[in-house]
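Engineer: Shown below is the structure under consideration.
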């Protein structure tokens, strides 16, 4: 059972979250829950107040979608991201090889300086999903257009080469340009707003989706995708945070939710060390509603997403929702009731438990994480009697500057 925490705990946690910018700059906060939902109009248009602060959920001022704590840049809102529209229309040249990197960076710099304050210290999430930076990852009808367009580009640029050589030019040209676009964009963001946490939404990918595999579903990431993630060393080295998606697939049976989420996060932890002396923070994206039905996540769903993220030692989660959750007064009240009755109490419980475990087991110098990732019943939860417990199922992931089994040893 998850205890419904009282007013004292709510007020105490709220006081901890007053200076949210400072909180995001300091990794020594065990687990953060951020709000990336366009809910501002619930208050401004319909008069429905969503008490996010009191529930321990970090939001932008006025609950705006873009702000000082989290900003997400979509494909058509940032720089000159090249892609093909649903009708085959090429935007910004369509493929990375066709766009001017200098022009892209100039426009991106203007947008960063305009949209993010000079003291920005939140999450800066780039949502570029149309193509994958490695050639082999662009399969399926939606992404094969990038291979075809790249081959056409190579035929035009290198007409004297034979088809095999042109195909090689298409592949290398695509991958080099894609890398330059993504890598330089991250470097630019970190140069202009160095206190922000910059990364790409959905990366690293895992490829463990549900394909009606029934009893042989393991949740493991696809071996080919693990290999590609290893090849993307440059992307992890250029990032300052990782934002994998743990959206629950519509047809995935609930019995497999935990293993689905666990393997996605474990792959993120694996690449988080690449090119860095200390692991990158991992903040997983959680969708508030089920895509197929629009239903809010149940308490069990929250345990298998937010709860598993906390128990594995993630830095936090980002809650995402679309405009439908604030489309009317009725929908806003539905969101309000869900926040107050289900989501909020669970967030308070997990963040309080993560802090307690950090202090009791890791001397406040690390995050608690499962000793055995397969230990499916152990969660960072406070019990109804408020017994914080010994957290025997958890080990420590030490913060920068600390080491040892309980993070008690200073590390230069």
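Heads up, the Cβ atoms here are built off N, Cα and C, so glycines get one too.
Sharing the features that Swiss-Prot gives for it:
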ACT_SITE  129  active site, proton donor
DISULFID  42-332  disulfide bond
DISULFID  206-221  disulfide bond
DISULFID  357-368  disulfide bond
DISULFID  362-396  disulfide bond
DISULFID  398-407  disulfide bond
DOMAIN    353-408  domain 'EGF-like'
CARBOHYD  69  N-linked glycosylation site
CARBOHYD  216  N-linked glycosylation site
SIGNAL    1-22  signal peptide
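Situate these features within the shown structure.
Structural biologist: In the three-state DSSP scheme, residue 129 (active site, proton donor) is classed as coil.
Around residue 42 (disulfide bond), a 10 Å sphere centred on its CB holds 24 further CB atoms from the protein chains shown.
Residue 206 (disulfide bond) counts 23 other C-beta atoms within 10 Å of its own C-beta, drawing on all protein chains shown. Residue 206 (disulfide bond) falls within neither a helix nor a strand when secondary structure is assigned with DSSP, and so counts as coil.
Around the Cβ of residue 368 (disulfide bond), a 10 Å sphere holds 28 further Cβ atoms from the protein chains shown.
All protein chains shown were included, and the count of other CB atoms within 10 Å of the CB of residue 362 (disulfide bond) stands at 26.
Other C-beta atoms found within 10 angstroms of the C-beta of residue 398 (disulfide bond) number 22, with every protein chain shown included. In the three-state DSSP scheme, residue 398 (disulfide bond) is classed as strand.
With DSSP states grouped into helix (H, G, I), strand (E, B) and coil, the domain 'EGF-like' (353-408) comes out at 10 helix, 12 strand, 34 coil.
With a 10 A radius on its CB, residue 69 (N-linked glycosylation site) counts 22 other CB atoms from all the protein chains. DSSP assigns residue 69 (N-linked glycosylation site) to coil, not to a helix or a strand.
In sequence order, no residues are near residue 216 (N-linked glycosylation site), counting only same-chain partners six or more apart with C-beta under 8 A.
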Engineer: Where the distance is taken from Cα to Cα, which of the disulfide-bonded residues 221, 357, 362 turns out closest to residue 42 (disulfide bond)?
Structural biologist: 357
Engineer: Limited to the domain 'EGF-like' (353-408), I'd like the whole-number average of pLDDT.
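Structural biologist: Computed over the domain 'EGF-like' (353-408), the mean pLDDT is 86 on the 0 to 100 scale.
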Engineer: Which recorded positions from the set 69, 129, 221, 396, 398 come within 10 angstroms of residue 368 (disulfide bond), judged by C-alpha positions?
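Structural biologist: Those close enough are 396, 398.
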Engineer: Around the C-beta of residue 221 (disulfide bond), how many further C-beta atoms are within 10 angstroms, looking at every protein chain?
Structural biologist: 19
Engineer: Want to know which recorded positions, from 129, 206, 332, 362, 396, are within 10 Å of residue 407 (disulfide bond) at Cα; which are they?
Structural biologist: 362, 396
